[in-house]
Amino acid sequence: MKLIKLKLASFRNLQNIELAPGKKFNVFYGNNGQGKTNLLESIYLLATMKSFKQARNAELIAFGGEFALVKGTVERDQVRREIAVLIEKQGKKAKVDAKLMTRLDDFFGNLNVVLFTPEEISMVRGGPDLRRRYLDRAVFTCDLGYLTAYHDYAKILKNRNALLKVNETAGIEVWTEQLVQAALLVIERRKAYLDRIGRLLQGFYSEISGNDETVQIEYRLHGVDARLFAEDPAEALNQALRAHAAEERRRGSTAIGPHRDDLYFGLNGRGARQFASQGQQRSFVLALKMAEIEHITRCFEAPPVLLLDDMTSELDRERNRNLMEFLKKREMQVFITTTSLHNVDVDELQDNRTFRIKEGKILD
């Protein structure tokens, strides 16, 4: 899977861009604030219809503009397709080969991407929202039904919270029953992904670290009896919701569910957040991204496009080398941003292209 052409119109500070990326390594360099991350954001949006910065539609449109357009030509198995996302303040529209997609499931999967940003390096030591965000992105790529399951859960959660905010008990049981059923679908899909990724994680971590440390990744239910959940998931969630009923009325929001769950990262049987060194934590996240890439490659029988946003400043020389060696072995396309070419050993990257970005313009 390769992005052969990219065209942008009025996307943030990238006004009129036409780009023909190389099939392997593409390095974009320039000072901060010139548009490097915006370029990666446009590719991510072309694949997922979302901004990885969690930006509103209006923020994606250039100042004074009415809309933004992101269009790309994607090649897979020698077949090319043109995909496009039109961004307006009131919403987005997706097209494949000029045909408007009424079902987004028909749009997703034409371009698969894996994102690696400085934010994700802090995933181990950061808050649970960072880990949930990573997990949701990762699950969705190979399980398109997950998006529907999560949106259904989010709608039910919103309605239940609306009742809790006004301390309305009438009707809460109906929404609680729906919440539990929707939550189980989300949790099931999240756990299934972690089971698959966990088998790959150890091998990549050992390759990076060069030692026999053991790593674990587990799903942690917030406020739910894990043993009871293993026996009777629905009853475990219902029991937890009953136990937190007073807290929910006081806070005006739902205290139990996938929106509160977390991931546990373990190293040698202890929590990586508390006991792993900074270097070990970075190795863990790097191994996690490698496992994600491998999982997507197996899922689609084609590697995803990798987006590396200023990672050379976050990884030390050894980990950078390990990552690049991993990428060299795979027929995957990579987009790298950096403030200086000195941060990337370009001469060691085969089939590389470099682009300078200045004030929203790309200079070859």
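Using N, Cα and C of the backbone, Cβ positions are placed for all residues, glycine too.
Database features (Swiss-Prot):
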BINDING   Gly30, Asn31, Asn32, Gly33, Gln34, Gly35, Lys36, Thr37  ATP binding site
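Compute the center of the Cβ atoms of Gly30, Asn31, Asn32, Gly33, Gln34, Gly35, Lys36, Thr37, which mark the site for ATP; besides them, the chain residues with Cβ within 8 Å of that center are Asn38, Thr337, Thr339, Ile357. Counting every protein chain shown, the Cβ of Lys36 (ATP binding site) has 24 other Cβ atoms within 10 Å.
One residue stands out among the binding-site residues Asn32, Gln34 for having the most other Cβ atoms within 10 Å of its Cβ: Gln34. Counted over every protein chain shown, other Cβ atoms within 10 Å are most numerous around Thr37 among the binding-site residues Asn31, Thr37. Gly35 (ATP binding site) falls outside any helix or strand according to DSSP and counts as coil. Considering only the binding-site residues Gly30, Gly33, Gly35, the Cβ with the fewest other Cβ atoms within 10 Å is that of Gly33.
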